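Working notes, structure below.
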Amino acid sequence: MAHTSVASLVVVLIVAFLTPILLHRFKLSIPVVVAEIIMGLIIGKSGLNLVVEGDTWLQTLSMLGFIFLMFLSGLEIDFSSFEKGKKKQFLPNGKEAPNTFAAASVIFVGIFILSLLLSYGFVLAGFIQNAFLMTLIISTISLGVVVPTLKEERIMNSNIGQIILLVAVIADLATMILLAVFSSLYGEDSGNMWLLMILFAAGVVLYFFGRVFKHRSFVQSMSKGTIQIGTRAIFTLIIVLVALSESLGAENILGAFLAGVLVSLLSPNKELVQQLDSFGYGFLIPIFFVMVGVKLDIWTLFQDKTILIMIPLLLLALLVSKIIPVMYLKKWYDNRTIFASGFLLTSTLSLVIAAATIGQQLHVISTNMSGALILVAVIASIFTPICFKKLYKREEQPEEKKTITFIGANQMTLPVTLELPEEEYDVRVVHVYQENAEEKLSESVFAVETISDYEHETLESLGIFETDILVVATGNEDMNADIALLAKDKGTERVIASVGSPEHEAALKEQGISIFSILLSTKTLLRALIEAPGVMKLLTNQESSLYQINMENSKYDGVILREFPLTGDVIFVRIFRGVDSIVPHGDTRLKLGDRLIVTGSRGYVTDLKKTLEG
């Protein structure tokens, strides 16, 4: 019988509130979600038994927390990481770095094959009857543990960091899809697996719908104040896909995960992602994890000798299934790095809980077995990040240059190429020259690459769009707009185009393309010289100009400026946070994702950039 008293909810919320405070007070370096499960053990069946398990409030909020956790798991998948392995890189030891996607794919295939073999071992030993479910449990990897650990160690953008991240991303995607297949095969509506295609088709339609409307001006204007249309759209998407997945006989968490993947593909702004994280990890998800601990009865588990024997064996299987495939990296990395990577990839939590819960609901495994699997996941998530930090020795990475490509060599672009600092940028200039201009080109001080034409096929075959920044500045405005839109469609992160007409300007801005023109630049410069000559002096001063730094180091998240360890003559001029522009003062707190406008000597600014961008 369901209870509607809020007393149990109050207990759970107080515990969820106190958990991170206690972790901080006692300086315990374990994931907060693991600590929440442990606190649930203390107040639940295994401990003080303060929570009524059948409480309606808790059941509803816990289920919503589970759904939102799966949504955020999908949202955590950074699809741009699949593109980061194309450029040739060199490791600190001088070896050429492996292609991150290829290496991650090989490692995951190894993990999956080994997990399958180990699963059959558990079946033959009589611990479990379903090898499919056990394969998913052994092969899964927790993005929720991997991503914060990589960020904390500031190796997210390194070659090894990207490989670890990609393995976790591929494992997350593959496990979730296979979990949906498992649910369809062993559920009440088994044999209707083709219905899942309807869910994925709906996801594709919703993705293109979102892509069309994302940059519309009315959407931008409705994303502020009390409307927050972006947040409303995301919650609507979650509920629609959850309802659709349930109506098709699939698990509701598949719909939530798909919603997260779709939002991630649409590249939401960081401010919106932070809002969703704050809501999820600040309210619903802690309730879910505390309730996971509340429902676990470890004393009953420990009375089962089979479970007691299986727990250490499963922990060993988790380690073996990750460390052996990671040995593939031995030709590039030392043993400490390989073992550290294997330990971090062993961390597993949310999808194990999902798999165990679904397995129990489908009567594939018992309640005790479900509890044992969750307990193993908790233990693994406690010690594996600690082992990673102990084993991994961070080597200084060579400063990675940004690549910038100019299409069009003219009086605007060529002087800029000489002024960009060589230690920060690899510059490439391409241009279509007339035959009678070849001699002048050979005598020029500028390094310009001659191409036959600006056709789409030509530009793509030359790898023009595989650059960090693309500046399109040919003499033809229509061509500039066309190439800029193509580049954005091909995935170029930053595109700058030279256009002057209002029609082109509006269309390009909707796609997130920066624009410039001689007329606009001249008007802006003249107005600045008239109204604020001091600002123009600051902008054009080579020694102390304005610089943008992206705040990406979680170590300084929440630090107030007066306590920030500034060096030299660096001054914070402005902070851009989402759509807000903040005038900084001593009590201003830095936040992840901030774009900082600073001024000062180049050397000190470079040091600050290394500190905050890692």
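Backbone N, Cα and C atoms are what each Cβ position is placed from, and that goes for glycine too.
Per Swiss-Prot, transmembrane segment is recorded for 3-23 (among others), and the stated evidence type is sequence analysis.
Annotation comment: Swiss-Prot describes 32-52 (among others) as transmembrane segment, evidence class sequence analysis. Among residues of the same chain six or more beyond the transmembrane segment (32-52), those with a C-beta under 8 A of the stretch's C-beta atoms are 3, 5, 7-8, 11-12, 15-16, 18-20, 22-23, 58, 144, 285-286, 289-299, 349-350, 374, 378, 381-382.
Swiss-Prot lists 57-77 (among others) with the feature transmembrane segment.
The feature transmembrane segment is assigned by Swiss-Prot to 107-127 (among others). Below 8 angstroms of C-beta separation, residues 134-135, 138-139, 163, 167, 170-171, 174, 306, 309-310, 313-314, 317, 320-322, 324-326, 328-329, 345 of the same chain, each at least six residues beyond the ends of the transmembrane segment (107-127), sit close to that stretch.
Swiss-Prot lists 130-150 (among others) with the feature transmembrane segment.
Sequence annotations record features per position, and here Swiss-Prot assigns transmembrane segment to 163-183 (among others).
Sequence annotations record features per position, and here Swiss-Prot assigns transmembrane segment to 193-213 (among others) based on sequence analysis. Long-range contacts of the transmembrane segment (193-213) within the same chain, counting only residues at least 6 positions beyond its ends with a Cβ under 8 Å from a Cβ of the stretch, are 180-181, 184-185, 219, 233, 237, 240-241, 244-245, 248-250, 254-255, 258, 261-262, 265-266.
Same-chain residues lying 6 or more positions outside the transmembrane segment (225-244) and placing a CB less than 8 Å from one of its CB atoms are 67-68, 71, 198-199, 202-203, 206, 210, 219, 252, 255-256, 258-259, 262-263, 268, 272, 275-276. Sequence annotations record features per position, and here Swiss-Prot assigns transmembrane segment to 225-244 (among others) based on sequence analysis.
The transmembrane segment annotation in Swiss-Prot covers 248-267 (among others) and rests on sequence analysis. Using a Cβ-Cβ cut-off under 8 Å and counting only residues 6 or more beyond its ends in the same chain, the transmembrane segment (248-267) has close neighbours at 66-68, 70-80, 173, 176, 179-180, 183-184, 187-189, 192, 195-196, 198-200, 203, 206-207, 210-211, 214, 234, 237-238, 241-242, 354, 358.
If you look up Swiss-Prot, you'll see 282-302 (among others) marked as transmembrane segment.
If you look up Swiss-Prot, you'll see 338-358 (among others) marked as transmembrane segment.
According to Swiss-Prot, the feature transmembrane segment maps to 368-388 (among others).
Mean model confidence for the domain 'RCK N-terminal' (401-519) is a pLDDT of 80. Residues or ranges marked as domain 'RCK N-terminal' by Swiss-Prot on the basis of sequence analysis: 401-519.
What Swiss-Prot records for 533-614 is domain 'RCK C-terminal', and it gives sequence analysis as the kind of evidence.
Secondary structure of the domain 'RCK N-terminal' (401-519), assigned with DSSP and counted as helix (H, G, I), strand (E, B) and coil, comes to 46 helix, 27 strand, 46 coil.
Outside the transmembrane segment (130-150), and at least 6 residues removed from its termini, the chain residues within Cβ reach (under 8 Å) are 31, 33, 73, 76-77, 111-112, 115-116, 118-120, 122-123, 156, 161, 164-165, 167-169, 171-172, 174-175, 178-179, 182, 185-186, 314, 317-318, 321-322, 344-352, 355-356, 359, 364-365, 373, 377, 381, 384-385, 388-389, 554.
Long-range contacts of the transmembrane segment (368-388) within its own chain (CB-CB distance under 8 A, at least 6 residues past either end) are made by residues 29-31, 33-34, 37-38, 128, 137, 142, 145, 149, 153, 292, 295-298, 300-301, 304, 307, 310-311, 314-315, 318, 340-341, 343-344, 346-349, 352-353, 355-357, 359-360. Here the transmembrane segment (338-358) has long-range neighbours at 31, 33-34, 66, 69-70, 73, 111, 133, 136-137, 140-142, 144-146, 149-150, 160, 163-164, 167-168, 172, 175-176, 179, 182-183, 251, 253, 292, 318-319, 322-323, 326-327, 329-330, 365, 369-371, 373-374, 376-378, 380-381, 384-385, 387-388, 391-392, meaning same-chain residues at least 6 beyond its ends whose C-beta is under 8 angstroms from one of its own.
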